[in-house]
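What follows is a set of notes on a single structure, which appears directly below.
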Number of protein chains: 2
Amino acid sequence: MPRSEVRVALLGVGTVGSQVARILAVHGNRLSRLIGARLRLIGIACRRPADVSDQWIDKSLLTDDPASLCPQADVVIEVMGGLEPARSLMMSAFENGASVVTANKALLSRDLKSLQQAAYDHHADLYYEAAVAGTIPVVRVLRESLAADQIISISGIVNGTTNYILDQMALKGISFDQALAQAQEQGYAEADPSADIDGYDSAAKAAIMACLAFGQEIKLDDVDVEGIRSVSQADVAAAAARGEVIRLLASISRDKPGSKNGSDCYTPGSSFPLHVSVKPVTLPKDHELAGIHGSYNAVAIKARYAGDLMLTGLGAGGEPTASAVVSDLITVAGNKVSGVVSPPIPLTSLSGSDCSAEISAKNYGQGV
Amino acid sequence: MPRSEVRVALLGVGTVGSQVARILAVHGNRLSRLIGARLRLIGIACRRPADVSDQWIDKSLLTDDPASLCPQADVVIEVMGGLEPARSLMMSAFENGASVVTANKALLSRDLKSLQQAAYDHHADLYYEAAVAGTIPVVRVLRESLAADQIISISGIVNGTTNYILDQMALKGISFDQALAQAQEQGYAEADPSADIDGYDSAAKAAIMACLAFGQEIKLDDVDVEGIRSVSQADVAAAAARGEVIRLLASISRDKPGSKNGSDCYTPGSSFPLHVSVKPVTLPKDHELAGIHGSYNAVAIKARYAGDLMLTGLGAGGEPTASAVVSDLITVAGNKVSGVVSPPIPLTSLSGSDCSAEISAKNYGQGV
């Protein structure tokens, strides 16, 4: 019997969750037509239902008990953040056969493999476009568009708050503290900005991208992290005098130790270790990533066949993040209607199982 | 019974087809693991099999009779180009239940709707990432990543040959004819370069993007086209003197006639006609599309919720295009293994069926 509806539970109704609810309220009919079944929001969990005042939210759907929603849902949207209870709720969703859409980079960067395994074991999907680089569709590009290719390296600006601060320091000649205060006033930085400015938010995103791009389990702890707290106005001014700008760069490459340019020394099937780092770096003003201003994000991908790709977009914000969440919802809800799941990303140590083919292909002598 | 193999027929073994065959030869095992069944190349059709010398091609697979391959294949990769026999072969593939992956922008820009309908009628997929903007994954981004969003406008540089010519004219002060000759020497331009320099290649891509982004059937003939043949060195020099560069821009927007900036006057559910054009325009040097050099392509998308996205990558070339073709192959072959098809893009006139929702949403007063 064809499925007539897909039941959706929304966990969290903060900046992102509220906008997810709004998109579902405004575009529910159009989105239901896209998936071929009615998308039905069955409940919205949050800490204090009485405080929710958004007009587009049906108050009868609110509950302070997220665990009660998971067993009834076909898809659980987790936008509450944090490690627990988010992880337990996701696991509960999978155990009930529900798919999960999440923006939770902190959790995924610690536990992607086991969450993915739980989804797989229960014939469910785990999607997380909104966890990495805001609206930039880098998860789908790595997972699908470059599925046939081989990634050589990724570098990017994946935290809007720190980019805004560095950009303002360069444009206005202000100190780090002044720029941070300004970011907080503008709503770009949290009251406790440490996850952003100490580089851990970027590191979580880098770890997830590394998993996707290289099929190797990389966790937050594997990332070499340095934030921008010690970047002074004198540093920024000195860089400017040399025609350079400072950017907080996330980098993933199979560097030869000591190499200045990882991509040059990449050889297919090589055993150079994967190196994932987040560091403030100086870039020449005409570098493609030097031109990323304000709270924008950018991800530059170098692939063996596709060459150089660059994706730029808003790094954060309720509406942009919600757009990514709901696009994932469309995919996993469509899968529910079809009764299929997307293949999980292979996440093992790189086995070199195609190395023999790689080596024989070298004999073709065409830049393999 | 689970499918143990997916039979692939390759029609065309030119610049792109040859590289598709190479990726399948080198990465066949890895790609088969991704889809969960063996990818088996059952035949390669080309005009003169005796002339094919690529070492990675199994000569026993070659035939000059593409029609003989279609009934045996699960997936047909059409990279021969041209309108016929490409169209008849695709139709024959669909009638046999095979999915089609194609890079054929000329055909799709004339006939996307009927080809898509034929695929749908026979429970098959039609994928065409390589038809638009080279390696830039704009088809998948519009079809999936922005599925929940609403596109306001798209503008882009989607022809590498003309961008190379305009860029060389600006950088070297040479004439259009000199730059064209240089593009031909470098292999960027064909012996008959008219499809590129008269704008029709860009127009075909713009028509396909318009269909994807706005769900409205737009054909090549609907595009307002002007090429770069009449752009002189004097024009380029005059633009440079004003701090501007000339780029051949493809634009899709719901412009109010006479408006200078379509996105500003966009209102959801508006009845402003969709305007698709390809024209040489002058852009200030700091415009995001002014910085696209050589044969690179770029597509800038403005979406209602996601905001501004920009995607940049190589516009052409055998390997890059083959990477896009094989990524589509992975998707449609995976669908064959699961027994599903991806939903076709809705292609009707914009019905405004969500307009009532749009209007009531305006009452929320949050920038809807």
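Just so it is clear, glycine is given a Cβ too, placed from its N, Cα and C backbone atoms.
Per TrEMBL, the feature domain 'Aspartate/homoserine dehydrogenase NAD-binding' maps to A:12-129. According to TrEMBL, the NADP(+) binding site annotation covers A:Gly12, A:Val13, A:Gly14, A:Thr15, A:Val16, A:Gly17. Annotated NADPH binding site per TrEMBL: A:Lys105, in sequence order. The domain 'Homoserine dehydrogenase catalytic' feature in TrEMBL is assigned to A:137-330. Taken from TrEMBL, the feature active site, proton donor covers A:Lys205.
Features per TrEMBL, on structure.
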{"residue": "A:Gly12", "record": "NADP(+) binding site", "contacts (Cβ under 8 Å, 6+ apart)": "A:Ala45, A:Cys46, A:Ile77, A:Glu78, A:Val79, A:Met80, A:Gly81"}
{"residue": "A:Val13", "record": "NADP(+) binding site", "contacts (Cβ under 8 Å, 6+ apart)": "A:Ala21, A:Ile44, A:Ala45, A:Cys46, A:Val52, A:Asp54, A:Ile57, A:Leu62"}
{"residue": "A:Gly14", "record": "NADP(+) binding site", "contacts (Cβ under 8 Å, 6+ apart)": "A:Cys46, A:Val79, A:Met80, A:Gly81"}
{"residue": "A:Thr15", "record": "NADP(+) binding site", "contacts (Cβ under 8 Å, 6+ apart)": "A:Gly317, A:Gly318, A:Thr321"}
{"residue": "A:Val16", "record": "NADP(+) binding site", "contacts (Cβ under 8 Å, 6+ apart)": "A:Val79, A:Ala103, A:Ala130, A:Gly318, A:Thr321, A:Ala322, A:Val325"}
{"residue": "A:Gly17", "record": "NADP(+) binding site", "contacts (Cβ under 8 Å, 6+ apart)": "A:Leu10, A:Leu11, A:Ile44, A:Cys46, A:Ile77, A:Val79, A:Met80"}
{"residue": "A:Lys105", "record": "NADPH binding site", "contacts (Cβ under 8 Å, 6+ apart)": "A:Tyr128, A:Ala131, A:Val132, A:Asp201, A:Ala204, A:Lys205, A:Ile208"}
Environment of A:Gly12, A:Val13, A:Gly14, A:Thr15, A:Val16, A:Gly17, the listed NADP(+) site - residues of the same chain whose CB lies within 8 A of the CB centroid: A:Ser18, A:Gln19, A:Val20, A:Cys46, A:Val79, A:Met80, A:Gly318
Average pLDDT across the domain 'Homoserine dehydrogenase catalytic' (A:137-330), rounded to a whole number: 90
C-beta crowding around A:Lys205 (active site, proton donor), within 10 angstroms: 28
